[in-house]
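One structure is given below, encoded as structure tokens.
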Amino acid sequence: MAAPLTLLLVVAVTVRAALYRSSLADLISERVEVVSPLTAWKRVVEGLALLDLGVSPYSGDVFHETPLIIYLFHFLVDYAEITFMLADVITAVALYMAVTDYNKQVFRKQKFALEADLYPLDCLELIRSPKEMYYIPLKVAMFYLLNPFTILSCVAKSTCGLNNAVIALFILTTIKGNVLLSAIFLSLATYQSIYPLTLCAPALLYFMQRKYIPVNFRRASFWWFIAQYAFMYLGSLFVIVGLSFFLLGSWDYLPSVYGFILSVPDLTPNIGLFWYFFAEMFEHFRLFFLCVFQINVFFYTIPLSIKLKEHPVFLIFMQLAVISIFKSYPTVGDLALYMSFLPVWSHLHRFLRNIFLVSCVLLACSALFPVLWHLWIYAGSANSNFYYAITLLFNVAQILLVSDYFYAFLRREHHLTYGLYLKRKDGSEATLVLK
């Protein structure tokens, strides 16, 4: 498997290097679907210029990345292209290793269940074979590296690629069972954009499952492990925040980074749900609806964690999708990360209901984004309503995609417990309904 992965990495790097040298690079770096006020490279360059002049990069309203990012590129600005390509390679390799390890665990559990006769006889066709699972890690790496969204994000030098690398390393260390490194990478991801805080829940559930700690509020071992992980996570976050203060010499970055993410003052159009709504919002309603919109990312964590407490890796996929859809400044790079997990759930295809329709809508919207932007901004023959309509449809398609996979996953688990061909008490065929 090393040779195909190496070939894939070479092809991916070659494509990116070619695009960096093309005339498309400048055009891509200006696309609002690819970069946001948080992740745009030109804003990082502005911040570096202010830093070189001895002025705080957060003194204006231009730079909103974290201090560690600006000090990283203070040394690597001449190697920015290599840095972003390396970030994509790290992400792909981390996902490859994580999925390989996860598949081994799935196969062991499946083998144990078969030996213990825990599956009904009529659902044996749902059992995954080693041959079927063998190429899944390579497909995951391919889905990430050759995804047009990932390539565009890398060529635009969007710092979203660095965030994805950190989250991928968090997933890898979690699946490998390294509690300390998992907490460190999760704290780094939270430091970058707040929203990965919700990944705490699947990480805790995964480690508890791995260490055979029951999810029981009355058990001391349950609370003791949460306290241990919280201490490592908060301790790492405190160190990173303290290091940022030491580098910058002030706390100016807190309102400029986290206040900016939560209060959404910049209403530059993007593929998210916030910009148009708050552009039309009366000011005295703004705070209420801001809380309503922001709570979406965090609210779904509790019910999803309850429903998927036995399946923390699928919960990670769900949480990444929720973050990508409901964060305040999303880009196509955020979609690329959770979509790279789709090959892991290829065994669910027989239970998906809307996959063809959703795929067509996502492709159509991706093609129409630049068209409607041109009609609105350059031709003047459209307005913001046209662009937001496509944005809204794009997000609805994502929600349908994620909910379809959620339904398919729960349906397969139900069949593995109760059998594939469900019958009513009178012997007639039953229909499974997700409620």
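Each Cβ is built from the backbone N, Cα and C atoms, and glycine gets one as well.
Those TrEMBL annotations? Automatic predictions, nothing curated.
Transmembrane segment is the annotation TrEMBL gives to one range among 257-278, 323-344, and that range is 257-278. Between the listed ranges 91-113, 229-251, TrEMBL ties the annotation transmembrane segment to 229-251.
The list of residues near the transmembrane segment (385-407) in space but at least 6 beyond its ends in sequence, with Cβ under 8 angstroms from a Cβ of it, reads 269-273, 275-276, 317-318, 321-322, 324-325, 335, 342, 345, 348, 351-355, 357-358, 361-362, 365-366, 368-369, 372-373, 375-376, 434. Sequence-distant contacts of the signal peptide (1-17) (same chain, six or more residues past either end, CB-CB distance under 8 Å): 81, 84-85, 88-89, 92-93, 96, 137-138, 141-142, 145-146, 151, 154-155. The stretches the transmembrane segment (285-306) and the transmembrane segment (351-373) do not meet in space: the count of Cβ pairs below 8 angstroms, excluding pairs fewer than 6 apart in sequence, stays at fewer than three.
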